[in-house]
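Data first, discussion second: the structure below is written as structure tokens.
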Amino acid sequence: MLNGLSRLHSLWVFLILWLATGITINLNDQRAFTLQQMGVDAIVSYQTYTLGHSPLDILTPRGDTFYAEKGILPAKQPGQFAIAAVPYWVLKNLGISYENNYDQAASWVTWLSTSLLAALALTCLYRLMLLWGFKQIYALSAVLSAGLASHWLVFAGISHHDILATSLLLFALAAAEKNHLVYQGNNVYWGILSGMFAGLIVFTSMLPALLVVAFGCYIFASLNLRTIASNGVGFILGLLPLALYNYHYFGNPLTQANVAGNYADTFFNFSWQQFSHHLNAYWGNGGLSIWKYSPIITLGFIGVWFLPRNLTRVKVFILLATLLHMAYLLNIETLGTCQYGPRYLLPLVPLFAIGLPVILQLGGERWQYLKGSVFGAIAGYSCLVSLIGAFAGAMQCDLNRFTGFKYLAELQRYHWDLYPFLVWVLPLFIAVILLTLLSYGTAQSTSAAPTSTADEA
């Protein structure tokens, strides 16, 4: 079980991740990814999912939208708009609205929805790693690598469906594993919660839909009827909002927005040329290669293969999820249009990070200095590339070219006014870092002491 000190460390982890995103939230992205804000405004201001009601030009429907019987609709799953509408409803009642100041409202909506849930999801992953028995420093290194040294950091600063859905996947996994490890799978509440999060994934984004299939296999592999039943009930509850939305707007609970809008570039379509091109784009020498944007996460994928025996079910889940997800990505036409880093690989980033503690503990204490140096160098490069994208913006449309260092040559384009939270969030971030170091230092000193009241307790 986790003690009070572990809970305090979890708070520091959450604050580090959330505040780091707050520092890097930039107006370039808020002005470029406007579809996400259109849906939020439609729900809160006009009580509908249809678009085109706002008098603001920046909220005029464009991009991935289509005409349906009831009006203009986004070719996206509705969950992202529903989630972000919650903070916007509060903000609007406080006088912060798109009409009064679009930049301010969009930045706050993003930070209080996507950024917050992304940080909370990785914090759940950190606590899960502690439950699995990994050392705190290894769990911390893994989670910070996922959150700060991958393109997760870039998209956590955008109100975006893919990272929201991936966060829900982590919530589902954390709830399922807590049920398994603490309650032997017999806690109905945690089972229903796990299944509900899994159902809400496809309410939010179709990108990780096949990961939900892998998660279902992981649940069935528990061979615990109570676990399977409670997850099944929760899954149905999680699917209900999507079914109601689809029935209301498309006349069929099974018809998804991309199908209704006939976005054929997301449909499965095998061709060898496309398969090999996309494989190189994601894993080879292509402009979106994960090796170029976040080699530390790729290192984690290697570690997944060496997860300990007590995590065999988790390992099989990650490998099956990777196989199914890549089978889909390599057989659709699109690579995801404009993006910084391989956006379609976002659902795999935190899953691969689970393998990083294994890499760090290989070889025991003998190679600790060498391992730390190599890990630090790879993580440092990954973090630099991610920070560049987070500050410069994700609207990068040349997918055949790695643009990490291209952005460095364009620093003159960026100025302080583009980062609305930087001035006051940065001091808070530094303070939290110092408190975290102090907290971990105190914990190390206590554990090294010959006797300890904590141990006796």
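Along the chain as shown, residues are numbered 1 onward.
Keep in mind that glycine also has a Cβ here, set from the backbone N, Cα and C atoms.
TrEMBL labels come from automatic prediction, so no person has curated them.
Straight from TrEMBL, the features:
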type	residues	note
TRANSMEM	108-130	transmembrane segment
TRANSMEM	137-158	transmembrane segment
TRANSMEM	188-221	transmembrane segment
TRANSMEM	228-247	transmembrane segment
TRANSMEM	290-307	transmembrane segment
TRANSMEM	314-332	transmembrane segment
TRANSMEM	344-362	transmembrane segment
TRANSMEM	374-395	transmembrane segment
TRANSMEM	418-438	transmembrane segment
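Within the same chain, the transmembrane segment (188-221) packs against the transmembrane segment (314-332): three or more Cβ pairs sit under 8 Å, each pair at least 6 residues apart.
Counted over residue pairs separated by six or more positions, the transmembrane segment (137-158) shares fewer than 3 Cβ pairs under 8 angstroms with the transmembrane segment (418-438), which leaves the two as not touching. A Cβ distance under 8 Å defines the sequence-distant neighbours of the transmembrane segment (344-362), meaning residues of its chain 6+ beyond its ends; these are 121-122, 125, 129, 134-135, 138-139, 141-143, 145-146, 150-152, 155, 162-163, 165-166, 169-170, 207-208, 211, 282, 290, 294, 296-308, 314, 318, 321-322, 325, 329, 335-336, 371, 375. Within the chain, the transmembrane segment (314-332) has long-range Cβ neighbours (under 8 A, six or more residues past its boundaries) at 173, 177, 208, 210-211, 213-215, 217-218, 221, 265-270, 274-275, 278-279, 282, 301, 304-305, 307, 344-345, 347-348, 351-352, 354-355. Ranked by Cβ pairs under 8 Å to the transmembrane segment (290-307), the stretches 228-247, 374-395, 418-438 are led by 374-395.
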